[in-house]
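So the structure is just underneath, and the comments pick up after that.
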Amino acid sequence: MKVYLVGGAVRDSLLNLPIKDRDWVIVGGTKEILLKKNFQQVGKDFPVFLHPETHEEYSLARKERKSGRGYTGFHTEFSSDVTLEEDLIRRDLTINAIAQDENGNYIDPFQGRKDLNLRLLRHVSESFTEDPLRILRTARFAANLMHLGFHIDKDTMILMCKMVKKNELLYLTKNRIWNETEKAFKTLNPHVYFQILHACKALNFIFPEIFFLYERRTFFSILFTNFYSISFLSIGLSKISTLTKDVSIRFSYLCQFLSEKIDFSSTKENYDDDSAKLVKKLCKRCNIPSHIEELAVLNTGFCVFLSSIHYQSSSNIIKMFSKIDAWRKPDRIYKLSFLCDFNLFYHQNKIDNSKLKTGFLKKCFFIIKDISVKKILNQGFKGYQIKNELNKLRVNKLKFWRMKKKCFFFKE
């Protein structure tokens, strides 16, 4: 029985990147042998075992035969006769099909180390086409390794296009799609993920709303040269990803481009309900976690309002705080404030940013968040009067602070 380190750990080690997880393949082993060594079996589709001390994953070498459609349509064989090369050939990319033995020697039958040096994402074999999830994985690897100069091999891209054309993507589950997309959003260049999906014609199947951004760029670039330019979106998504690792903020930034009512001269409250519903529909369809969905919907709905936050009345700002339930969920304010600041100072040709201060939305909330209801109750207010009086106190306190700090750009 021989044990080999495989996959991402070998790849990342060769690239001098931090190793997140170490996965192992066992050749010549059996389920019975591992259980006797106190390994814990997990996984339903094929035997994966957790090491009794390190809890790292060990898999029996296996080979696969296509038996149906989609990523689940496989017959898997994991007998002790399966060779290491038979296990490696079923993997997606050559850079993920490198093994290392206990002495540090590399087993690399598909030239993965050469492709690492060439900065090339290349499929291992024609069996790449048997699993549609590999389209998303390859796009995600392109995003994850872009800063190192990696690109997708042209023949691999041709295979990806053929897979899309055969409607293989229809067999992917919502959770699988989001899991890969979330990983892509955690990379340094998440925009590359969407660019690759668009290039291989997969974006329309998976995210038709985002696909529309690419398709409408020609018309809207005439009206909104910077904001609706897809290159502007990509650069912005890349830039904001250098400032925060929060997936909900990165995703919300992308979704705001779905708003069709962006107008940097507007001073109305103007909640964009249609665009907010579009984002909500996207999130529901893809089973996107609720905390990410909520921020994306709010940021898109209030995109117009937030783009002119310094010019809004104190009354309208308080109304917005109430609508987003800021009193019970203050974390929303901090994230929306981050997005607001980024948008205002990134769109420098739209607003005279020399007049504006960062963190304005957050400061407004901080000024009025601790106004107590007890004082209002002690004054004898009842029922609906309590809410009205509390709102009045908040508005007046915010007005006073803004006058003192000269944070008005219009007459209230």
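The backbone N, Cα and C atoms fix where each Cβ goes, and this holds for glycine too.
Feature annotations, courtesy of Swiss-Prot:
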{"type": "BINDING", "residues": "G8, R11, R91, R137, R140", "note": "CTP binding site"}
{"type": "BINDING", "residues": "G8, R11, R91, R137, R140", "note": "ATP binding site"}
{"type": "BINDING", "residues": "D21, D23", "note": "Mg(2+) binding site"}
Neighbour count (Cβ, 10 Å) for R91 (CTP binding site): 21
Other residues, Cβ within 8 Å of G8, R11, R91, R137, R140 Cβ centroid (ATP site): G7, D92, L93, I95, N96, F141
Least surrounded among the binding-site residues, given as D21, D23, when other CB atoms within 10 Å are counted: D21
Entries of G8, R91, R137 which, being binding-site residues, have CA atoms within 10 angstroms of D23 (Mg(2+) binding site): G8
Local backbone state of D23 (Mg(2+) binding site), from DSSP in three classes: strand
Cβ-Cβ distance under 8 Å to R140 (CTP binding site), same chain, at least six residues away: E180, K183, A184, T187, Y193
C-beta crowding around G8 (CTP binding site), within 10 angstroms: 16
